[in-house]
Every structure is written in structure tokens, then in C-alpha cells.
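> Next up is a structure, given as C-alpha cells.
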Amino acid sequence: MKVIRFFILNGPNLNLLGHREPEKYGRVTLDQIIHKLQSNFLTKFKQSNLNFVQHDDKEKLQVLVENQNLGFELHSFQSNHEGALIDYLHRTFLEKLSSANKYEDYFIINPAAFGHTSVALRDALLAIEAKFVEVHLSNIHSREEFRHHTYLQNIAQGVICGLGAKGYELALEYWLEQLDIFSK
């Protein structure tokens, strides 16, 4: 069975969303953002003509499309540690390799401050040939000069910034449209 996996990765301090500088980042928590993405993901399947079965656990939301030998997973991970994010990316890649390419992976990444500082995160994304959309809650171009550039922006499929939590939804919508899942 082919499994299309979507990974929502979040960098440092995003575990404090809703409480940390709400004037910049809003009052929505990371858990609320992830819940909304899961809800939107399921709504897409419910509105389609696809027959599917849903499985939820703490780590991921899984949807199996009946009679098509096709599955979808929505994973989320947050860490304040650069190495933990890199290790997570490596694990997804090694799982994909060991599965004889059963998995097809797409990422939505809010690297937070690591976007402005981490060559290592950039190298990890390049090493695993990640297809990803970079998301920032605030408009990085209207903030301090050092935030105007990220090390990921020129290797991302797209960058969304300044739209708050809606940026995550738009990134997921982008991947679903690119994969043309629901028009079949």
C-alpha cells in the first residue's frame, strides 16, 4: 500500500504559542493549530467521493482509502532543539528507504528562529530531498533585519509568512491540491 505522509514540524518556542507575545503570534496554541489541520484534513475526505477509514492516535491521524490501496497520514512534531528536528527528519527518510518507497512525504515546516540561523536544518532538508513549505506566523519581512532572510526559503516549494495560523492551513491545502487527491 502506498502511504502519503504529511509532517507538520515546528521549531523553538512554538510550544508557547497562545501565551508568548500574542501581539506578534496570536492567541491560538500549537495544539489548536494541529487540531484544526486534522479537522480540515478529515473534512476533505468526508466531502470527497472516497470511501475511507480513519484511525487516530496521539502521534498521527491516519486515513485509509478503501479499494485503492492508498493511505494518508498527518504527523506533527515540535522541538526546541535543532538536533531533535534533524533527527526527526532523518527518521522519516530512513523509514521511507526501508519501506521500499512505500511512503511519499511532504512537509510543512515552521522553523521559527532556526530558519534564520540553522545551516544544519537546511542541510538535513537537502539530504533527504524534502518537499516542503516554510511557514512563519508573523511577517518576517516587517520585523528586525536579521529575520528577513531564512536559510530554507530558496529550497522550499513555497514560503508563507504573516498570515498567522492560517498559513499552516494554506500550506496543507497547497499539498492536497498539488497531489490532486480529491478530484479523482
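Backbone N, Cα and C define each Cβ position, glycine as well.
Please treat TrEMBL annotations as automatic predictions, because they have not gone through curation.
According to TrEMBL:
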type: SITE; residues: R20; note: site 'Transition state stabilizer'
type: ACT_SITE; residues: Y25; note: active site, proton acceptor
type: BINDING; residues: N110, H116, D123, L137, S138, R147; note: substrate binding site
type: ACT_SITE; residues: H136; note: active site, proton donor
> What binding-site residues among H116, D123, S138, R147 are found with a C-alpha within 10 angstroms of that of the residue listed as 'active site, proton acceptor'?
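So the list is S138.
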> N110 (substrate binding site) has how many other Cβ neighbours within 10 Å of its own Cβ?
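There are 25 such Cβ atoms around N110 (substrate binding site).
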> Between R147 (substrate binding site) and H136 (active site, proton donor), what C-alpha distance do you get in Å?
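Computed Cα spacing between R147 (substrate binding site) and H136 (active site, proton donor) is 11 Å.
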> For N110 (substrate binding site), what is the secondary structure by DSSP, using just helix, strand and coil?
strand
> Enter the number of other CB atoms within 10 angstroms of the CB of R20 (site 'Transition state stabilizer').
11
> Could you state, as a whole number of Å, the largest distance between Cα atoms of any two of N110, H116, D123, L137, S138, R147, the listed substrate binders?
24
> Once near-sequence residues are set aside, which residues in the chain of L137 (substrate binding site), 6 or more away, have Cβ atoms under 8 Å from its Cβ?
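Same-chain residues close to L137 (substrate binding site) (Cβ under 8 Å, separated by 6 or more) are L17, K24, Y25, G26, N110, C161, G162, L163, G164, A165, G167.
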> Which one is it: of the recorded positions H116, D123, H136, S138, whose Cα lies the shortest distance from the Cα of R20 (site 'Transition state stabilizer')?
S138
> Look up S138 (substrate binding site) in the DSSP assignment and report helix, strand or coil.
coil
